[in-house]
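Asks: Supplied in structure tokens, the structure appears directly below.
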Amino acid sequence: MGRRDDKIDEQDQYGRTALHKAVLSGRADRIAAVLQSRPRPNKNLQDFKKQSALHLAASQGNHEAVHLLLQPFQANTNLTDQNLQTPLHYAARDGHIGIVKQLLKRGANPNATDKYRQTPLHIAAGCGKAVTGKLLLKKAKSGLASQIQAHLGPVAHDRFHEIASELLAKGATIDALDGDRRTPLHLAAAIGCDKVVGLLLSKDLESKDSKDKFGQPPLYYAALRGHKLATELLRQAGANTEMMNGDGQTLLYQFASIGDENAVMLLLSGKNKANVDAQDIDLNPPIYAAAKGNHAFVMQILDGNGADKTARNEAGETVLHRLAREGCQHGVDLLLKFAADREALDGMHQTPLYLAARSDRKEVVRRLLMEERAVLDARDDTGGTLLHRAAREGHLEAVDLLAGEGANLELVDDEGKTPLYIAAELNHKDIAKLLYSKYGAKALIGPDEGRLILHRTVSENNRNAIRLLLAVGVGRNAQDRNGQTALHTAPNNARNAVAALLAYETSLNIADNIGQTPLHVFAARGDDALPLIDLLLNHRANTVTKDINGQTPLHAAAKAGAKTVARLLQDPVVKAELNTADNSGKTPLHEAAQHGKQDVARLLCENGAAIDIQDHEGQTPLHIAAKCGRTDIIRLFRDLPSWDAAKTVTNENGEMPLHLVCLSGNNAAVGVFLDNNLESPVSLIALLLLS
């Protein structure tokens, strides 16, 4: 029986009793002496760290001390310290296989969890390192990993393999999750305990793809730390190399993203290697991540393993498209060094250059143009360039960028349209102003066609485009190669377009190369152009201007339509100049007779037009009507007071109108001319001529 000591359980300032101190001394005789004292010491008293004597003995690997503490009235094998760790955790942590066996034999709980929810098996799987939280996410070159690797030789691996085996044999849960939802396999893979990895895989293949709270499987940690054998063991066991984390990224993508060359090489080597083109949830392949992260060596590894630089997302974008759109200059530069296709088209038929310009990525645009500026004016399947497209889609930044880089402003697409025309047509005022005012785009449809943009918009009756072009300063009175202004080209249905031009004080009286004003042109079209004629007359257009043939608008109208003539005759000036002759001596009435316009002739005659004025060949309007056999017009003239005088006028060939009507071959016209009087000598002559 031991000596009596009533203060045997008295604790010092650190909460330690005589038994704690005896265990710390490491001497079995002292431990035995304390245990034999009377009253017997409390084996379960805890110090300031809540460690019992058994915790200390297990940590030291003192088999004899543990044996003594586990004798009858044994110490509590499941008592927890301040970190909720049991003596079994300590023994597993420090690799004391014998003590692990003793504790398990005496009732230690193999599935007890500490404050990190790690079991002794977690500790053993991690080769004794209670690595928790985000520490495992650090790369192998970190200080923690270096310390771990320093003490892990083959012997250590064997020791922890044996501990793990013992724990499993005693019912340790193989797929227990710690506070970060990691299994023992996660820790073994992360630390590189290859034998433990193999053991755990042999017992439970299901855990090979278990994800922790960061969405990472064991394979991720093995590759991250560069543990080649652990990586290979996991892949041989069928670990999913394409598994995605919580962000939808594959393992290879993640390592490419952070530039971990060793991990990338590990995953791309050996059997069951990772798919080099496996895309993340956004359909981005690993090569995208490497380029975006500016990881040139990883790019080289991926490219050497056949990475597809043309891999496309749902929008049909290649990797170069995406990085160009995002403005990632170094990524674009890397891809170009690895021969990415700069002219590839996405699902919207857009090149990387266009996407960069559209997104206002100036530096990327310049980089893409650095080696091949020809792509700036490359044509698409509509014959348009990037500048055409940017103007069409209303992308001001893209237009500014492309024009600023020297895109040809005057090229036309398959519809004959320049970028400026397209901007005007689609009412993109800012773009039209930018092209015209800042970059000096010519108001031409094309340098070879010589047609003006304003003319085309007027001819197409595009009022919005007309107003836009006039607003940005395009010349309202500019003349094309035929000398015509935009006003000349207005179609009959373009009343609004003409009104828009007139609102900007467009000149009404500019003559084209043949001396015709817009009023000449509209009058020649006849009654269908009456709305336009009405507009010009209301704005005081000159009604008696002569073209190079000496013809006035009334001459032109006389060939075309009565309503037009009637409208012109409302102008006193026109009425006063009713018998104005052109360069060949013809009056408007000559033209009406020539073209068989009875209604026009009647209007002219009612307003005082003379039927006996001779042209330079001596022909009167009556001569013309007779020669052409115009029955109705002859009948009209016959009822005029000047008929008797007019029918005796001879032309330069000495012919009277009767001669000509007889030669016309129109019996009805002859009958009207003779008033059906066949008894007269003249009638007899006419009959002889007709026989």
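Cβ coordinates come from backbone N, Cα and C, glycine included.
Automatic prediction, not curation, is the source of TrEMBL annotations.
From TrEMBL, here are the annotated features:
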type   : residues : note
REPEAT : 49-71    : repeat 'ANK'
REPEAT : 83-115   : repeat 'ANK'
REPEAT : 180-212  : repeat 'ANK'
REPEAT : 214-246  : repeat 'ANK'
REPEAT : 348-381  : repeat 'ANK'
REPEAT : 382-414  : repeat 'ANK'
REPEAT : 415-438  : repeat 'ANK'
REPEAT : 449-481  : repeat 'ANK'
REPEAT : 514-548  : repeat 'ANK'
REPEAT : 549-569  : repeat 'ANK'
REPEAT : 584-616  : repeat 'ANK'
REPEAT : 617-637  : repeat 'ANK'
Asks: Per DSSP, what is the helix/strand/coil residue tally across the repeat 'ANK' (449-481)?
Replies: 16 helix, 1 strand, 16 coil
Asks: Could you pull out which residues elsewhere in the chain have a CB under 8 Å from any CB of the repeat 'ANK' (617-637), counting only those six or more residues past its ends?
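Replies: Same-chain residues near the repeat 'ANK' (617-637) but 6 or more away: 584-585, 587, 589-590, 592-594, 596, 598, 601-602, 605, 609-611, 643, 646-647, 649-653, 655, 657-658, 660-661, 663-666, 668-669, 672-673.
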Asks: Mean pLDDT, the repeat 'ANK' (449-481)?
Replies: 84
Asks: Counting only residues 6+ away from its ends, which parts of the chain sit with a Cβ under 8 Å from the repeat 'ANK' (584-616)?
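Replies: Contacts of the repeat 'ANK' (584-616) (Cβ under 8 Å, skipping residues fewer than 6 from its ends): 549-550, 552, 554-555, 557-562, 565-566, 569, 575, 578, 622, 624-625, 628, 630, 632-633, 636-637, 640, 642-643, 645-646, 649, 651.
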Asks: Can you count helix, strand and coil residues in the repeat 'ANK' (49-71) using DSSP?
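Replies: Final tally across the stretch: 15 helix, 0 strand, 8 coil.
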Asks: How about long-range neighbours of the repeat 'ANK' (348-381): same chain, 6 or more residues beyond its ends, C-beta under 8 Å?
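Replies: Sequence-remote neighbours of the repeat 'ANK' (348-381) are 315-318, 320-321, 323-329, 332-333, 336, 342, 387, 389-390, 393, 395, 397-398, 401-402, 405-408, 411.
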Asks: Cβ under 8 Å to the repeat 'ANK' (214-246), counting only same-chain residues 6 or more beyond its ends: which ones?
Replies: 134, 136-137, 139-140, 145, 180, 183, 185-186, 188-194, 197-198, 201, 205, 207-208, 252, 254-255, 260, 262-263, 266-267, 270-275, 278, 280-281
Asks: Give the residue counts of the repeat 'ANK' (514-548) per reduced DSSP state, in the order helix, strand, coil.
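Replies: Taking the repeat 'ANK' (514-548) as a whole: 21 helix, 0 strand, 14 coil.
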